[in-house]
Amino acid sequence: MTETFEMSPYQPVIDPLVIGERQFTSRLMLGTGKYKNLDEAKKSITASGCQILTVAVRRAQNSTIQSMGNLITGLDWSKIWLMPNTAGCQTAQEAIRVAFLGREITKNIGFENNNFTKLEVIPDPKYLLPDGLGTLLAAEYLVSKNFTVLPYINADPILAKQLENAGCATVMPLGSPIGSGQGLKNLSNIQIIIENANVPVIVDAGIGTPSQAAQAMEIGAGGVLANTAVAKAQNAPQMAYAMQLGVLAGRAAFQAGKIDAGKLAQPSSPIVGLSKK
């Protein structure tokens, strides 16, 4: 006879993620590219439990908004906050123009007060590394126009602080190159950014597994954005669910407070009172 065991009824206190003037209970964000089809994308988004979904404005433009094949028209936006992004922009000026276009698209589908933009300025077509100066220039202008700016950057603590001081609602350092699945290759710098930040730090790019997402959350990241790891998995909805669990576990562990690493072994069983006979 096979025994079954119920999971613990314990419910950890998970604090909300605050970005600008909005609160979110999920700390996992998802991108919308690379899925096999619309149905798989929708199932993955649901399985992830995410509340923030980022869509490339250029891809939304190139698809017919009224088309049933377009992801924008295929989701229940009452449960999801849309974050347009400026992917594909190579200059600050181009990113600014696309950010304004993204804001108009969100209004057209009912997000009247949505000023979110994921700012990407990427002139490097091979490694897809962001332009720090271009990002800062674009961010300063967009903040002045009442955008809630979430900038994608290298794991540069100085730039992260400059963007925070410019009024960005978060900073989004890359863990490793976009789509690489290499995890947190810039761990030390990301830790410095988190330590110095007064805004949420969202680890964006390079997350390949739930354990890597958990690692980011364990060091105090405010959230994680994943795309390729989910969309290219053999079972995308299953991976989306696993990513949700990884983020939840990492955040709960961070709040719990981990033990300090030691050089010597420490017995887990008490030695006081043992018989010496």
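Cβ atoms here come from the backbone N, Cα and C positions, even for glycine.
Look at Swiss-Prot and you will find Lys118 tagged as active site, schiff-base intermediate with DXP, backed by sequence analysis. The 1-deoxy-D-xylulose 5-phosphate binding site annotation in Swiss-Prot covers Gly179, Ala205, Gly206, Asn227, Thr228, and the record cites sequence analysis as its basis.
Reduced to three states, the DSSP call for Thr228 (1-deoxy-D-xylulose 5-phosphate binding site) is helix.
Non-local neighbourhood of Gly206 (1-deoxy-D-xylulose 5-phosphate binding site): Leu174, Gly175, Ser176, Pro177, Ile178, Gly179, Ser180, Gly181, Gln182, Gly183, Leu184, Lys185, Gln212, each in the same chain, at least six residues away, with C-beta under 8 Å from its C-beta. Each residue in Gly31, Pro177, Ile178, Ser180, Gly181, Ile207, Gly208, Ala226, Ala229 lies on the same chain as Gly179, Ala205, Gly206, Asn227, Thr228 and has a C-beta within 8 Å of the C-beta centroid of that 1-deoxy-D-xylulose 5-phosphate site, without being one of the site residues. Separating the Cα atoms of Thr228 (1-deoxy-D-xylulose 5-phosphate binding site) and Lys118 (active site, schiff-base intermediate with DXP) is a whole-number distance of 17 Å. Separating the Cα atoms of Lys118 (active site, schiff-base intermediate with DXP) and Ala205 (1-deoxy-D-xylulose 5-phosphate binding site) is a whole-number distance of 13 Å.
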